[in-house]
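As written in TrEMBL, here are the features:
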{"type": "DOMAIN", "residues": "21-308", "note": "domain 'Sugar phosphate transporter'"}
{"type": "TRANSMEM", "residues": "12-35", "note": "transmembrane segment"}
{"type": "TRANSMEM", "residues": "47-72", "note": "transmembrane segment"}
{"type": "TRANSMEM", "residues": "84-105", "note": "transmembrane segment"}
{"type": "TRANSMEM", "residues": "111-131", "note": "transmembrane segment"}
{"type": "TRANSMEM", "residues": "138-155", "note": "transmembrane segment"}
{"type": "TRANSMEM", "residues": "161-178", "note": "transmembrane segment"}
{"type": "TRANSMEM", "residues": "199-216", "note": "transmembrane segment"}
{"type": "TRANSMEM", "residues": "236-257", "note": "transmembrane segment"}
{"type": "TRANSMEM", "residues": "264-285", "note": "transmembrane segment"}
{"type": "TRANSMEM", "residues": "291-308", "note": "transmembrane segment"}
Amino acid sequence: MSGKLISPVPAVTGRLFTVGLVISWYASNIGVLLLNKYLLSNYGFKYPIFLTMCHMTACSLLSYAAIAWMKIVPMQAVRSRLQFVKIAALSFVFCGSVVSGNISLRYLPVSFNQAVGATTPFFTAVFAYIITVKREAWITYVTLIPVVTGVIIASGGEPSFHLFGFIMCVGATAARALKSVLQGILLSSEGEKLNSMNLLLYMAPIAVVFLLPATLIMEKNVLGIAIALAREDVKIVWYLLFNSSLAYFVNLTNFLVTKHTSALTLQVLGNAKGAVAVVISILIFRNPVSVTGMLGYSLTVIGVILYSEAKKRNK
């Protein structure tokens, strides 16, 4: 009696594809973060709103190309004026989050920026409780204590601490959590649900509309300054183009990794990504770090892992 042999090639190819996706996800996430830091702090391009507008413009164009031409995902239509208003509200919060995050990078090292960013679960729990009156199990709230305590310790031990940068970073983290909660509420009905790629397709152009007047008012003559910089050093053009394209690939790879891995794998990879970004940024920018700061960050990461585990067990 002979049985058919199943070729292991497709399984191996599938694993290699997933590994490639994860590497691309890490590279685009960490790459855009480090390049933002380099441009806004080291290179001296001190225009975070204009930089964010470049990101959103690239996301608008590349999203349309990926969905309308390359058919990466089916295009989902906006079905009502109310749905459009909801997407615009999300886009406004999204803008606030990205702009605040970019402003914070002017003043804070990436390592500390990531430590503060790791407190997203705390803000998500707070907003979910305030807006939806959704209560978690008590153990879930207990796990948030090390998340917040870790950042307090890291702040006290951060050699490059800057109060305004810290406020902007906390604001960016809070806005990111608020968008997540609002998205779950505003686009919850079956007819209004959009996958992340289609949501970006509609949010990005609306974000450009929000950011254009903000850039003109708050970063006067930035286009003239950028053109003058390009005449002196053409590399700034390539930096901006590459950085803006990377911003889109962060969203694309995030969508693909979510699609091709389990929720648990994504959680583990997400927690590890912040730590990898911290190590690489310290190696590149050589920013001073203290033992207290690293202990604080480690405590926050442990808290995030415990929070994720508590949420999973209490579902």
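Including glycine, each Cβ sits where the backbone N, Cα and C put it.
Fair warning: this is a prediction, and the values are worked out from it, not measured in the lab.
Against the transmembrane segment (111-131), stretch 161-178 has more CB pairs under 8 A than any other of 84-105, 161-178, 236-257. In this model, the domain 'Sugar phosphate transporter' (21-308) carries an average pLDDT of 92.
Beyond the transmembrane segment (236-257), the same-chain residues lying 6 or more positions past its ends with a Cβ under 8 Å from any Cβ of the stretch are 21-22, 24-25, 28-29, 31-32, 35-36, 38-39, 43, 45, 51, 54-55, 57-59, 62-63, 66, 72-73, 195-197, 200, 226, 229-230, 266, 269.
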